[in-house]
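Peer 1: Take this structure, written in structure tokens, and hold onto it; I'll ask about it next.
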Amino acid sequence: LSVSFFDQFMSTTYLGVPLIALALAFPSILYPTVTTRWLNNRLLTLQNAFINRFIHQLLLPLNVSGHKWATLLASLMLFLISLNMLGLLPYTFTPTAQLSLNLGFAVPLWLATVIIGMRNQPNHALGHLLPEGTPNLLIPMLIIIETISLFIRPLALGVRLTANLTAGHLLIQLISTAVFVLLPLMPTVAILTAAVLVLLTLLEVAVAMIQAYVFVLLLTLYLQENI
């Protein structure tokens, strides 16, 4: 039974088409096309308001040189939110529950921020490896620790997103299984458990959006350190 709980994280196929391919292509369908009219429709107006507000919040900690990343980070944010929300629907697949996909986003973007820092201001970038005022005896140890923490950053980005989504999906499946088991035995307890399941589902909707925002926000902070 414990193995079947993790079957939802396997990339299955439907009519010969891998569900992960459909899930990755799904967010592009949700984006409305820009019209040539003077007034946009409600969906496009709502999306533009959301993107403008998000970009405004995203660029607050960045200086002017980091504003060129706005399009990339906003696109990544919308993409992750779409995939996370898609995974909450029945009979769907959640690509962001796979560590390999999250690391595929985290490692190149983190590496880009490091390369930018090393190219534009190498002294300042290397200065992060040694805090000011460190005793001479602790300098080698601190440099090693800070270097390890630097290389752990992309792993932490990917693991954080994967662990939160995986834990939420497993909790939903465990509680829903408990509801079906308890319904013929203890209907009252089953109804209370179903109420908890509804609340948990609402919490997972919030987690799906917050984790996408945290992923992009941490990338923004890493970028700010190097520009």
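Even glycines carry a Cβ here, placed using N, Cα and C.
As listed in TrEMBL for this protein:
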TRANSMEM  12-34  transmembrane segment
TRANSMEM  69-89  transmembrane segment
TRANSMEM  101-118  transmembrane segment
TRANSMEM  138-159  transmembrane segment
TRANSMEM  171-199  transmembrane segment
TRANSMEM  205-223  transmembrane segment
Peer 1: Counting CB pairs under 8 Å, which listed stretch among 69-89, 101-118, 171-199 touches the transmembrane segment (138-159) the most?
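Peer 2: Against the transmembrane segment (138-159), the leading stretch is 101-118.
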Peer 1: List, by number or range, the same-chain residues at least 6 past the transmembrane segment (101-118) whose CB is under 8 A from its CB atoms?
Peer 2: 76, 80, 95, 124-126, 150, 153-155, 157-159, 161-162, 215, 219, 222-223, 225-227
Peer 1: Please give the sequence-distant neighbours of the transmembrane segment (69-89): residues at least 6 beyond its ends with Cβ less than 8 Å from one of its Cβ atoms.
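Peer 2: Here the qualifying positions are 23-24, 26-27, 30-31, 51, 54-55, 58-59, 62, 95-97, 105, 109, 161, 165, 169, 201, 204-205, 207-209, 211-213, 215-216, 219-220, 223.
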